[in-house]
Amino acid sequence: MEQKPSTLDPLSEPEDTRWLDGKRKRKSSQCLVKSSMSGYIPSYLDKDEQCVVCGDKATGYHYRCITCEGCKGFFRRTIQKNLHPTYSCKYDGCCVIDKITRNQCQLCRFKKCISVGMAMDLVLDDSKRVAKRKLIEENRERRRKEEMIKSLQHRPNPSAEEWELIHVVTEAHRSTNAQGSHWKQKRKFLPEDIGQSPMASMPDGDKVDLEAFSEFTKIITPAITRVVDFAKKLPMFSELPCEDQIILLKGCCMEIMSLRAAVRYDPESETLTLSGEMAVKREQLKNGGLGVVSDAIFDLGKSLSAFNLDDTEVALLQAVLLMSSDRTGLICVEKIEKCQETYLLAFEHYINYRKHNIPHFWPKLLMKVTDLRMIRACHASRFLHMKVECPTELFPPLFLEV
């Protein structure tokens, strides 16, 4: 430390004391220089700009002055804890403050902070600091919402051609979807005693209630026929070779039937309505032959209920499932892929038009395609067991074909 001439002779101090002071200064200097090498430096600072208090490398504009992190923290703690009345100086307040000596005299360092213009009134107490942080977070959230709304406003709506395609697909769905929007009024609940007493043993440990299975097979043929009719009403589908049409229908039939059942999930009665007419509970569908597939369809129904899909969205999702170019054995793979892309683009633009409140609605909805694919795969495995355990005469021919 530098000080005014004094009657005290520094050489009169014990040698050990002088050695310890020097060692402490060197160690302090090394730590401070090391800490100043890292950290974010704002773009408004000149290269190697110095702290106006101690001369160390400045990190920004703090309490109305350009200072380093060390002097910023020292000033803040001093004011927040009201420490300055307790500070004292051994050398009559005449210490020179630099990055090596700054930690050795708190009073002179604080006086230097004040003399260069650091503002005490800008230091916030704990409650004000918490309030400021909260305000910053609220502003960030507000800006994020504004940006999201702005991005939604700039997302394209369907073009005139896409609206025409959307209309065709929607009408195809409505004309082939049993009971339409009146399914709740027209549904009939499967009697509770059916599907509660499994009889035929299955190889995987589950059992099949043959009475429930028989009830389900009565509605399966009309349900499959309606899926076929839906596909035939789509102009792009009818332009494909018959071989490809058959492959696409076999591939998507279970997926579309599962989707049509899932969107008719009723949380109040905890039922799915099959083919627009038969309301069944989870255990009934499970014991009626579907086993774990029943859980997957019910779970899908629960999750889709939050999406509040309209007829058009269900119809377009069905068209996307139908036009899947990765089905094995297809001839016109490229043409089918382009058809699906056309449906997907129109679908995405329609989602933009609808302006759902669910964050990331579009990608979340597309994930349901994967869920439906998994349901189909599980059903295919389950179907092999059913063919072994259930009487052949109970299977409708069309069901066996798809």
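Cβ atoms are placed via backbone N, Cα and C, with glycine included.
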Expected hit for zinc finger in Swiss-Prot across 89-113, 164-188, 189-213, 289-313 is 89-113
Correct range for region 'Disordered' (source Swiss-Prot, candidates 1-22, 265-286)
1-22
About how far apart, in whole Å, are the alpha carbons (Cα) of Arg226 (3,3',5-triiodo-L-thyronine binding site) and Cys95 (Zn(2+) 2 binding site)?
93
Using C-alpha atoms, which one of the binding-site residues Cys51, Cys54, Cys68, Cys71, Ser275 comes nearest to Cys95 (Zn(2+) 2 binding site)?
Cys54
Between the binding-site residues Cys51, Cys54, Cys68, Ser275, which lies closest to Cys108 (Zn(2+) 2 binding site), Cα to Cα?
Cys54
For Cys68, Cys89, Cys108, listed as binding-site residues, tell me which one has the smallest number of other Cβ atoms within 10 Å.
Cys89
Of Cys89, Cys105, Ser275, which is closest to Cys68 (Zn(2+) 1 binding site) if I measure between C-alpha atoms? They're all binding-site residues.
Cys105
Closest of Cys89, Cys105, Ser275 to Cys54 (Zn(2+) 1 binding site), Cα positions, binding-site residues only:
Cys105
Rounded to a whole number of Å, the separation of the Cα atoms of Cys89 (Zn(2+) 2 binding site) and Ser275 (3,3',5-triiodo-L-thyronine binding site) comes to 90
